[in-house]
């Protein structure tokens, strides 16, 4: 039911009913449109030509032109009418003061006594309202929990979308990088095979042309002998018999040596389909032998005699304090340096739980802890507790479906490319953005506890 104050605001002070087509005058008071117009007309009849009128409530002056529809008040009146209609029993016209629990309906006192609600549990509206308000609040609490859960799921789904897009982008870059690497390799292989084919062509052609030249020379000799014999046959008897035995002897002594037998079978044969799908073969064409440089080893690193294996252990004594030695981190460099060309080497990481692998500039800092990023002269990847990352700035997460037991590292010095491969599966791991190398590059390793590294020889 509408409050007393609401009803007072919606009641016209002229007709004392809820306003119809409420309008306001300049002082702010409102009236029914019909009532205030009738008020004007009555005053005009008493005082013809009157232009200014006094508000029936506050006596403030106003004019007819100041009338304005009061939509807000009109809306309030409609609400009050609906409330009045809802709060009255449609059957009996009585106020709905009771609530039937069995039917879940508002009823009046006559309904309560009728046959329809006989024996039903009823309560005063105020009492029933309090109980149901608590239940509604409980329902609101539950729905808010569901709303919060829904929002959390929405956030989770948005994160999944982001992660999925990142995964797709990573895979896209990986595919593009793999094909670029493959295209470079195929281009180099094409040039290599064409060069070999051209070389084989020239070698065989040179021998064939030698045969051709020898046969040409022999043909001239035969033609000379034939001409000599034909001239004798066509001459006089005395001329024919002159030195005839010597001429015959020389003629019968002429032999035709067979040219060098040459096979026309091609030795330079390229199976493009095999090249295309054999990544391991592709990389190992550039494989170099890498050993460890003991003069760069951190004092906790222990090398094998052949300098192909390193493990982290107790600090080594009696080591010199060379500026070439890593003193801040347990790192070591490969003995070999690269200043041009393509190079590939492998590192057997086994079941190790941590390692850094890659290449670095010859002049990197070795006595201070610093980020091992390309900006500092390092191009390396890492395995740690969190998984696999490329040492970029910021770090780049690497998602691998299979754990590499052997990691292949490929360097194209002129192209500025450093790539990493899982040689357990032959799949690409990561390629750094193109760089410009200005210094000698050397293989780089950081050794973790219980994670030895082994550099297999190229023929293994």
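Cβ atoms here come from the backbone N, Cα and C positions, even for glycine.
Annotation source Swiss-Prot lists Zn(2+) binding site at 89, 92, 111, 117, citing sequence analysis. Within 10 Å of the C-beta of residue 117 (Zn(2+) binding site) we count 18 further C-beta atoms, all protein chains included.
The domain 'B30.2/SPRY' annotation in Swiss-Prot covers 270-460.
Positions annotated as phosphoserine by Swiss-Prot: 66. Its Cβ placed at the centre, residue 66 (phosphoserine) has 13 other Cβ atoms within 10 Å.
What Swiss-Prot lists as zinc finger is 12-59 (among others).
The zinc finger annotation in Swiss-Prot covers 84-125 (among others) and is backed by sequence analysis.
Cβ packing within 10 Å was compared across the binding-site residues 89, 111, and the lowest neighbour count falls to 89. In sequence order, 108, 110, 111 make up the list of same-chain residues 6 or more apart from residue 92 (Zn(2+) binding site) whose Cβ falls under 8 Å from its Cβ.
Apart from 89, 92, 111, 117, the Zn(2+) site neighbourhood in this chain, defined by C-beta within 8 angstroms of the site C-beta centre, holds 91, 94, 96, 107, 108, 109, 110, 112, 114, 116. A separation of roughly 41 Å, to the nearest angstrom, links the Cα atoms of residue 66 (phosphoserine) and residue 89 (Zn(2+) binding site). A mean pLDDT of 88 is what the model gives for the zinc finger (12-59). Across the range of the zinc finger (12-59), the DSSP-based residue counts are 14 helix, 10 strand, 24 coil.
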